[in-house]
Amino acid sequence: MDSIGSLDSTKPANNDVGNVPNGTASAIKNSLPATAITSTEATLGRHLARRLVQVGVTDVFSVPGDFNLTLLDHLIAEPKLTNIGCCNELNAGYAADGYARCRGVGACVVTFTVGGLSVINAIAGAYSENLPVICIVGGPNTNDFGTNRILHHTIGLPDFSQELRCFQTVTCYQAVVNNIEDAHEMIDTAISTCLKESKPVYISISCNLPGIPHPTFSREPVPFSLSPRLSNKLGLEAAVEAAAGFLNKAVKPVMVGGPKLRVAKACEAFVDLADACGYPFAVMPSAKGLVPEYHPHFIGTFWGAVSTAFCAEIVESADAYLFAGPIFNDYSSVGYSLLLKKEKAIIVQPDRVVISNGPAFGCILMKDFLTALAKRLEHNNTAYENYARIFVPDGKPLKAEPAEPLRVNILFKHVQEMLSGETAVIAETGDSWFNCQKLKLPKGCGYEFQMQYGSIGWSVGATLGYAQAVRPKRVISCIGDGSFQVTAQDVSTMIRNEQNPIIFLINNGGYTIEVEIHDGPYNVIKNWNYTALIDAIHNGDGKCWTSKVTCEEELIEAIQTATGEKKDCLCFIEVIVHKDDTSKELLEWGSRVCAANSRPPNPQ
């Protein structure tokens with residue numbers, strides 16, 4: 001008879017795997033000779049660490065907890081892997097998201113349930129943005145599975161599957177490793193599925209397993225080699241023939257790139273197609289940064305009523321448009337107000353092509369389709385010539401008077417001048433979406449924002465992860481005060497890891513994007529002394545410099561300092577602006593999204 005609260009060390013580990021596969025994982029080919037390694041390195045924890053390094057992860061973002069401490073010991077023992085300790089799990093997840101945007105894959109490590117359910121919001125965001133993030137959780141001791149025991153860090157029930165069930169909807173594969181015998185296979189399947197599907201995966205590892213050696217870990221694992229995905233050859237030929245016939249009949253066709261160009265690895269093929277056919281091309285807002293904006297036929301961002309000047313007019317008046325990797329949601333369609341017609345469109349998704357109202361072709365990779373189509377299209381630059389005829393260069397903000405309160409358009413005029421191939425921009429959810437969208441990115445300049453999920457506060461963790469991955473580039477982050485209050489504390493982690501981003505904290509006293517959708521007293525926030533907060537976090541330990549600016553003269557001086565004598569420091573510049581100083585695009589977009597949100601119920 002079991003005693004209440006006693007430790008039954010004789011109970012064997014439960015052999016139930018507990019994983020929920022989603023499709024088959026690509027095979028890992030033994031293409032290199034194996035070499036024996038020492039028993040201290042032939043453990044589950046060290047195997048996982050080596051696998052992370054092999055797929056391109058050299059930094060993991062973690063929050064320690066009693067269920068993952070032993071695992072962290074083994075991860076930090078890997079010489080090529082750096083542990084970045086974060087202030088909370090949400091930011092660790094956001095950091096892995098930012099890291100994956102640069103490196104192609106990211107990883108975070110948290111503890112069971114209290115850590116897992118805290119990081120899950122960031123994992124959901126990565127899922128929505130098609131980012132391969134490996135979420136590793138330290139799980140319960142193997143001897144506790146299958147018992148009726150109640151563990152801490154749970155909701156007080158003897159069922160340990162709550163965390164797993166939550167992750168099933170926001171990851172493409174889940175592995176619960178509570179048996180050393182199949183740990184090798186489950187970890188490899190999870191990581192390869194993450195890369196193949198370009199979605200997050202969940203790996204739970206029982207807390208008493210990381211230090212245990214096993215014969216499957218006793219040889220140096222070879223790097224991953226994923227079986228390549230191939231297009232259906234006959235389907236590809238039929239799709240290209242149909243698309244070429246459709247577009248070659250058009251008088252003024254255009255191309256628009258969407259965010260799924262990234263997951264399809266088709267950015268270069270998209271530009272090659274534009275070069276071959278002569279069509280003008282635009283990007284949807286969430287695809288900014290994926291194609292070169294210095295290309296002669298680039299006409300800006302297509303975002304309906306808030307598009308770059310003259311872009312929407314050319315796209316919506318075209319008699320044929322090819323959209324590569326689009327996501328049409330209520331935000332990207334400006335409250336479902338785009339003036340597009342399905343019968344004029346070719347929609348190219350990562351593995352599917354739909355032409356007008358039909359036909360549709362499956363099992364066709366976007367990259368292959370765009371490459372083959374480039375050889376079949378007749379050159380036609382009519383739409384670009386129309387654009388060139390109506391185009392008028394952007395106006396410049398009105399010159400500020402001496403000591404005049406700073407305007408947002410003056411701020412972004414100076415941000416534009418800071419950009420080069422040695423910088424990258426992170427734009428927070430809010431008015432920074434619209435102001436950063438208008439920046440013209442020079443060659444090599446990175447750009448990231450989270451449009452599909454739109455979680456305020458994302459940019460602090462994403463800046464941490466992206467800056468860690470992209471060194472020696474300098475990250476410029478534009479963050480509103482409301483968003484910053486959600487995740488501010490991991491500026492500490494940036495300082496601790498000697499990062500040197502420039503953070504523009506735009507202080508306008510509230511949730512301005514929500515004000516323009518629907519105003520109320522809940523959109524006003526408590527004002528903080530933001531520079532004093534960062535100085536307190538700095539606490540004389542590390543390289544950090546802060547400044548508060550209220551006019552253009554102070555802004556110019558702050559930027560000169562940040563890019564000059566303080567270029568090796570984290571530079572935090574608080575920009576004080578009027579609460580109603582927003583981009584005109586936000587005013588238009590907010591009213592349309594408000595109208596979409598306010599639609600009455602359909603009659604039953």
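Glycine residues also receive a Cβ, built from the backbone N, Cα and C atoms like all the rest.
Residues or ranges marked as region 'Disordered' in TrEMBL: 1-22.
The helix, strand and coil residue counts that DSSP assigns across the domain 'Thiamine pyrophosphate enzyme N-terminal TPP-binding' (43-147) are 50 helix, 22 strand, 33 coil. Residues or ranges marked as domain 'Thiamine pyrophosphate enzyme N-terminal TPP-binding' by TrEMBL: 43-147.
As annotated by TrEMBL, domain 'Thiamine pyrophosphate enzyme central' applies to 240-357. Mean per-residue pLDDT, taken over the domain 'Thiamine pyrophosphate enzyme central' (240-357), amounts to 96.
Under the heading domain 'Thiamine pyrophosphate enzyme TPP-binding', TrEMBL lists 450-575.
The local packing around N508 (Mg(2+) binding site), expressed as other Cβ atoms within 10 Å of its Cβ over all shown chains, amounts to 21. The Mg(2+) binding site feature in TrEMBL is assigned to D481, N508, G510.
DSSP labels the residues of the domain 'Thiamine pyrophosphate enzyme central' (240-357) in these numbers: 39 helix, 24 strand, 55 coil. Taking each Cβ in turn and tallying the other Cβ atoms within 10 Å, the top scorer among the binding-site residues D481, G510 is D481.
Note: the Mg(2+) site is recorded as D481, N508, G510; in the same chain, G480, G482, I506, N507, G509, Y511, T512, I525, K579 also have Cβ atoms within 8 Å of that site's Cβ centroid. Secondary structure of the domain 'Thiamine pyrophosphate enzyme TPP-binding' (450-575) per DSSP, as helix, strand and coil residue counts: 59 helix, 28 strand, 39 coil.
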